[in-house]
Amino acid sequence: MTAQLKKEWFISCIGWSAFIFFMSATYVLYDWSVPPAEEINNRPWWALQEWGLWYLLTPVVFRLLTQHHLANKLTKQKFIHILALMLCISMTYQAIFDFWILCDPIPYTVLYFAPTHPVVLFVLSYLWHTFLRPDKSVHHNTLEVESGNTTTQLSFNDITHINSASNYVELHTEQQHYLKRITLKQIEQQLPDSLFTRTHRSHLVNLDFVQRIQIKPSGSGLVLLKNGKVVALSKAFKPIVKAKLKHIA
């Protein structure tokens, strides 16, 4: 888990825990200060029941905003789409939960929560923009990776090639390799097209480390790197790679 991801989860857990505790304490103090006939008598877990969903949705909102921001795709339209999607998810879950668990009519639940959920999303977007939005200008030529218990910035220029590994990618340098929880498509969007090219659906290579390409009789091929490593070259990406490496091939 990267430092950015840890920060997103930390703010989510601490923020909602404090809010739920405050709301619960407020009602307890109110019941304590009024005559029994005027007590609200909410269940002790009522605040968690109404707001606990946001423990999970808040990190998702933060992650979507961060990923689109780093990929230079967080336009106003995309921002609205993300918040609208999360609003639909939160309202749908709340309506189903209240219908099955509390036997509340769906129209009543929608009417009850309709004013609050958009406000929550507005506050979350403000918190992300103020405290969590990564500064791309500081590390615009690096990727954040973990090595043991430490986090470091890996320069684009040090990466020789990248392999897809399910929900992770392997970032290879001449000295070692790192695992990063991200898809190959997502990381490709963060890398400069002038420096990296896709050679296969599972591989990216740094053009500066390419020594030559070798075409097989079948039409596919291999990309030979200067450090002796070999990366697969598929027919689909061969024309693009050859165009970029015409001075080598």
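Note that Cβ sites are derived from N, Cα and C of the backbone, with glycine treated the same way.
Positions annotated as transmembrane segment by TrEMBL: 9-30 (among others).
Annotation source TrEMBL lists transmembrane segment at 45-66 (among others). For the transmembrane segment (45-66), same-chain residues at least 6 beyond its ends with a Cβ under 8 Å from one of its own Cβ atoms are 4-5, 8-9, 11-13, 15-16, 19-21, 23-24, 27, 74, 79, 82-83, 86, 89-90, 93-94, 97, 120-121, 124-125, 128, 132-134.
Sequence annotations record features per position, and here TrEMBL assigns transmembrane segment to 78-102 (among others).
Sequence annotations record features per position, and here TrEMBL assigns transmembrane segment to 108-128 (among others). Remote same-chain residues near the transmembrane segment (108-128) are listed as 11, 15, 54, 58, 61-62, 65-66, 79, 83, 86-87, 90-91, 94-95, 98-99 (criterion: CB distance under 8 Å, separation of at least six residues from the stretch ends).
In terms of DSSP secondary structure, the domain 'HTH LytTR-type' (143-247) contains 20 helix, 49 strand, 36 coil. Positions annotated as domain 'HTH LytTR-type' by TrEMBL: 143-247.
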